[in-house]
Each structure stands twice: as C-alpha cells, then as structure tokens.
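Colleague: So TrEMBL says this about it:
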BINDING   Lys7, Tyr8, Gly9, Gly10, Thr173, Asp174, Tyr179, Lys209, Val210  ATP binding site
BINDING   Thr47, Glu74  substrate binding site
DOMAIN    264-338  domain 'ACT'
DOMAIN    344-413  domain 'ACT'
Amino acid sequence: MALLVQKYGGTSVGTIERIHRVAERVAQSHRAGDQVVVVLSAMSGETDRLIKLAHEASATPDDREMDMLLSTGERVTVALLAMDLRSRGLNARSYTGRQVGIITNSVHTKARIARVSADRLREALAKGIIPVVAGFQGINEQSDVTTLGRGGSDLSAVALAAALKADRCVIFTDVDGVYTSDPNVVPAARRIDKISYEEMLEMASLGAKVLQARSVEFAAKFNVPVEVNSSFKEGKGTLVTREDADMEAVAVAGVTGDRNQAKITMVGVPDKPGIAAKIFGPVAQANINVDMIIQNVSQDALTDLSFTVPRADLRAATPLLQAVANDVGARSVAITEAIAKVSLIGVGMRSHSGVAAKMFEVLSREGVNIMMISTSEIKISCVIAEKYLELAMRSLHTAFGLDRVVQGEQSAK
Ligand code: ADP
Ligand code: ASP
Ligand code: MG
C-alpha cells in the first residue's frame, strides 16, 4: 500500500464532468489499496476571473483582501469533489489550507511556507478518510489567509507529500509530462522520461509553467519524488528526481520562453559606489524579484542600468523606481513591456562547450536581436522582443536536436 498525494490542476477540475473523472481516478487508486491525499486547484480561469474582479473593485487591491478572495476558488472544487466521492460511498472530506496546518509567512499573494503540521491529515488517513485539500492557500501566524503565488497548488501538494513522507507526489495536468519545450508552442517537443530537480527548477523558473518553480525547490530540498502526468489519459509521465549520470549526456535538455517580463532602464545614473544598493534595496523590500541586471560602461560619470522584473510587479515597481530615480539623481526611467526571455537549460552544459555561441548564431540567423544575456552553469537566457519568442523557441529546439523524430521522416532520410 502506497501513500500518494495526487494534485489535479485547473483544467482537470474545470467542469463538473471533469470533476467526475477525477473522482473516478481517485476511487480507482483507493480501490487498488493506496492511501490517497487529493490536492486541487480552482477551476481553470477562476483565479484570473477573481483577480479581474479585484481590479474592478479597486485600482490597487489590498494584498490581504486579495488572498481572502483568491482562496475561494479552491474551496469550490474541493467541496464538489468530496461530495462526488461521498456519493460513490467513499469517506472523503474536504479541508482548507488552514485545516491541514499549512503555515506561511505574511507576504500576501506570494507567501512562503514556514511549516506544515498535517496532524489533521494523519488522523483522517488513519480513519480511512480520503482527504481533499484546497491547494494554493495557507494561513500566517495571525491566522489570516495567504496564497502561495500563481501555480501554488503544486507547492501545496509537494509540501503535504513531504510532511506526510508520501511515496510519491503526482501532479495531474493537461499534458502527459514535462516536455523539451512547451508542447503548445513547439509542436515537435518531446516528453522527457526523467528530469533532475535542478533542471526542472531552472525550466520552471524560466517559464515552463507545468510545475511551479517553488514546488520544485521544495521537492528537491525534501527529496520528494514528483511525477507529472496527464489527468485525461493513462500512460507514462515524467519523473522529477535526483540527477544521474545519463542526464549529463545531452548539452541542452529543454527550451523555455517567458513572456512575464518587463525591462526597466534607469537612464543617466551617476556612476559611483553605493548607487546599485540604493536602487535595488527598496525594490527588494517591496518583494519584487529582479532578474537580469546590466550596467553599461559609463560615459561622463553617468551610466544606464537595465534590469528585468516580472510584468505583474510593474504596477508596484513603477512609482517606487520613479522615487528612487529622483533620489539617486538619475535622468529618467524607461519601461519596455514587450520583451520575452528565451532560455536553454541542461546539466550537460557543465561538460559541453559552445552552447552559448551556437544559441547566438541561431538567433542571429533568424534576425532576432538580443537585448540582454545571462548565464549560469546550467542555463543561458536571452531577452528578445516578445514578437520573436515563438520563432526563437522553435528554431533553438530544432538547432539543438530536440525535435521529435516523426516516424516515416526518419526512414525517408
Ligand atoms: P494546471 O492547471 O494543471 O496546473 P498549468 O497550465 O499550470 O496546468 O501547466 C500545464 C501547461 O504547462 C501545459 O498546458 C503547457 O502548455 C505548459 N508548459 C509550458 N512548458 C512546458 C513543458 N516544458 N512541458 C510541459 N508543459 C509545459
Ligand atoms: N488557482 C491558482 C492559480 O491559478 C493556483 C493553481 O492553480 O495552482 O494560480
Ligand atoms: Mg499549474
């Protein structure tokens, strides 16, 4: 008998019909003798709908109230699934994040998990109950509702799997695994059988939304085996696990694209010690994640400083940066929204050289201008104009030999 945490995403619980199908799957695992803890997202589109409503209620919705609002989406699906399971004669019960002891810090809308008690879940499991838990939510030390950032139900599932020492955490979604690139953008993308936590973390951080980046970080830290699989069909998925020797054999394991980026340039910043700290200190305090930073060579003791932030944080960052610009005596602040980041990821980059040069060559052949570059041991990212993102992803995918070989094509060669 295995203990499984099964998480079903928004599309998988998007209609009552689909909730019935999830109930069948859960019932099947239960009948097979496994203990199952279910974690659900809100119905697809629901969180976006709620965010839109919030912006209609207020131009700058309060973060605490936002979490109160957003946490309702997951309450709906867990109650509906528990009702369905109960009508099948199964002893299922729905729980909120608070009821299962998910305690977070107080950074509303992107809270981090501080601890998970899961006592109530253990008691429920001991009584033979199938717990159905609302993903994406927790409470802070003051018992206020918090949410875990977009895609945060993945994190709820992984955190509960870690707390319960589950045998596996299965993320059921609308694709049957992690692909070499987003299969909805790159039709030739291939499903990956096994991927390391490290590569998966980079892919998720750089735009592959199939798993939330923080859930991967958590899984790696607590060694939770995560499987990504389809909630619509039976078959092999992708196992996210510790790195093994085979994984270094290929230089590039995946290509990602991220449109959720904006570029900010502080124009005419005095080039002297302490300026960067003055600029980035307040940004960090406002919990805005700065990604790439480029400082140009200075002319006349003035320089331009460009960096990227998540587009969603632009509204909060703009007034703050205007104030900082005045403070440090910068000439102006320029914002470019229509940018995107294309990245290559692979632990094999540690032992294969020439990946960056080939990436630049492919982009130049396609006429794509590179605005910013950043590298780490296992990834290379380029910021480009948003309109070229899909072209860049597909060309790089082909150039690095990742395209699926279609049967027939192979024999024709
Ligand atoms: P859920 O609602 O189940 O959480 P998401 O929409 O968050 O599902 O994530 C699944 C989507 O992630 C897929 O439909 C796919 O378009 C996208 N995606 C992006 N990159 C990848 C990738 N490398 N592999 C698989 N899916 C990817
Ligand atoms: N419903 C939340 C979102 O749309 C959490 C999740 O689906 O994982 O971001
Ligand atoms: Mg998701």
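Cβ atoms are placed via backbone N, Cα and C, with glycine included.
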Colleague: Mind running the binding-site residues Lys7, Gly9, Thr47, Glu74, Tyr179, Val210 against ligand 3 and keeping the ones whose CB falls under 6 Å of it?
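Modeller: Close enough to ligand 3 are Gly9.
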Colleague: In this predicted model, what is the average pLDDT of the domain 'ACT' (344-413)?
Modeller: 90
Colleague: Those binding-site residues, Lys7, Gly9, Thr47, Glu74, Thr173, Val210: which ones have a Cβ sitting under 6 Å from ligand 1?
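Modeller: Correct list: Gly9, Thr173, Val210.
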Colleague: What whole-number value in Å do you get for the largest C-alpha pair distance within Lys7, Tyr8, Gly9, Gly10, Thr173, Asp174, Tyr179, Lys209, Val210, the residues recorded as binding ATP?
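Modeller: 19 Å is the greatest Cα spacing among the residues binding ATP.
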Colleague: Checking the binding-site residues Lys7, Thr47, Thr173, Tyr179, Val210: which ones have Cβ within under 6 Å of ligand 2?
Modeller: Thr47
Colleague: With DSSP helix as H/G/I and strand as E/B, how many residues of the domain 'ACT' (264-338) fall in helix, strand and coil?
Modeller: 29 helix, 25 strand, 21 coil
Colleague: Can you tell me how the residues of the domain 'ACT' (344-413) break down into helix, strand and coil by DSSP?
Modeller: 33 helix, 14 strand, 23 coil
Colleague: In sequence order, what residues of the same chain, 6+ apart, have a Cβ less than 8 Å from the Cβ of Thr47 (substrate binding site)?
Modeller: Gly10, Leu70, Gly73, Phe136, Arg150
Colleague: Return only the integer: C-alpha distance in Å from Tyr179 (ATP binding site) to Glu74 (substrate binding site).
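Modeller: For Tyr179 (ATP binding site) versus Glu74 (substrate binding site), the Cα atoms are 27 Å apart.
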